[in-house]
Amino acid sequence: MKTIAVLTSGGDAPGMNAAIRAVVRTGLDKGLKVMGIQRGYSGLINGEIFEMHRYSVADIIHRGGTILRTARCEEFKTEAGRKKGVNILKAFGIDGVVVIGGDGSFQGAQLLSKLGVKTIGIPGTIDNDLAYTDYTIGFDTATNTVLDAINKLRDTSSSHERVSIVEVMGRGCGDLALFAGIGGGAESVIVPEKEFNEDELCKTILEGKLRGKLHNLIILAEGVGGGEALTKKVQETTGIQTRLTTLGHLQRGGSPSAFDRILASRLGVKAVELLLEGKSSRVVGLRNNKVVDDDIDEALSMKSKFDDELYDIAKILSY
């Protein structure tokens, strides 16, 4: 193992830069040549590859986004596209690749490994939807971003005595809604993992109004869908002014939290160590505050780890 490369793929997440920094500096410390691949798999098959040095990753640990950029790549989904990427890696003398991203990015790494490329995956996604790891890079920061928005919405909701429905990211995983809901003291958390009844929700809102509540904050994971319809239903049923706020890509930005910076640093170091050990088709993660690594096929096939106990806590504390 003489030369490794690092790329970021899929949706960006705060802390990706910290992971890049850890990979680059660990690789250099171990005597490796480290290359950066720009714009994910798209950059790979287009040869957008450059050598990285210690100064290449100076002053980036605090920055959101990814200095390597990221992109989707339809061509890489084809066998011809992947073979083109492998040939480019060979042309640059690259022996192993560290892929930072979510499940789609890991599937790409999995396909590369089947073509003989040593690959290690680092989980970078605000959705926290990879079951093999307790936390993904970017999730903690995104939770705090949502929390900040909730705090502000609480102020104006109280002033106008209205219901605020806040739609957050999370197509198949409700962790972001759940954690932000508990942290923000939301009256209701609606996630794809749990069924909910609109009529019961409206009844609870009216009961709160009778007790003198000035506002209601409802956190809705985007995977549930129907935010506008729910907003209309609540207002028509309760007679209380109801507003929908969709936070969107705001949740992906911002300076990463201390937790995400440290997590990214730990996982970046581990990824390089695994390559030096000759390992491939592995992903790194965190379980019980211990850095772990798993086979990429097993990691992708693990079922969702939704925390039912935490969801029950959210319901107990909500009203």
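Each Cβ is built from the backbone N, Cα and C atoms, and glycine gets one as well.
Counting every protein chain shown, the Cβ of ASP127 (active site, proton acceptor) has 26 other Cβ atoms within 10 Å. Residues annotated as active site, proton acceptor in Swiss-Prot, with sequence analysis given as evidence: ASP127.
The number of other CB atoms found within 10 A of the CB of GLY11 (ATP binding site), across every protein chain shown, is 20. In this structure, GLY11 (ATP binding site) belongs to neither helix nor strand by DSSP; it is coil. Marked as ATP binding site by Swiss-Prot on the basis of sequence analysis: GLY11, ARG72, CYS73, GLY102, ASP103, GLY104, SER105.
Sequence-distant neighbours of VAL23 (ADP binding site): residues of the same chain at least 6 apart with a C-beta under 8 Å from its C-beta are ILE4, VAL6, VAL34, VAL98, ILE122, GLY268, ALA271, VAL272. According to Swiss-Prot, the ADP binding site annotation covers ARG21, ALA22, VAL23, VAL24, ARG25, ARG154, GLY185, ALA186, GLU187, ARG211, LYS213, LEU214, HIS215.
Taken residue by residue with DSSP, ASP103 (ATP binding site) is part of a helix. Non-local neighbourhood of ASP103 (ATP binding site): THR125, ASP129, LEU130, LEU300, each in the same chain, at least six residues away, with C-beta under 8 Å from its C-beta. Among the features that Swiss-Prot reports, Mg(2+) binding site is placed at ASP103, with the record citing sequence analysis.
Spatially close to ARG171 (substrate binding site) yet at least six residues away along the chain are ASP127, ASP129, PRO192, GLU222, GLY223, judged by Cβ distances under 8 angstroms. The substrate binding site annotation in Swiss-Prot covers THR125, ILE126, ASP127, ARG162, MET169, GLY170, ARG171, GLU222, ARG243, HIS249, LEU250, GLN251, ARG252, and the record cites sequence analysis as its basis.
In this structure, the CA atom of MET169 (substrate binding site) is 27 Å away from the CA atom of ARG21 (ADP binding site).
According to DSSP, ARG243 (substrate binding site) sits within a strand segment. Comparing the Cα of GLY102 (ATP binding site) with the Cα of every entry in ARG21, ARG25, GLY185, these being the binding-site residues, the smallest distance points to ARG21. As a whole number, the greatest separation of Cα atoms within the substrate-binding residue list THR125, ILE126, ASP127, ARG162, MET169, GLY170, ARG171, GLU222, ARG243, HIS249, LEU250, GLN251, ARG252 is 32 Å.
For GLY104 (ATP binding site), the same-chain residues lying six or more positions away in sequence with a CB closer than 8 A to its CB are SER9, GLY10. Cβ neighbour count for HIS215 (ADP binding site) (all protein chains, 10 Å cutoff from its Cβ): 20.
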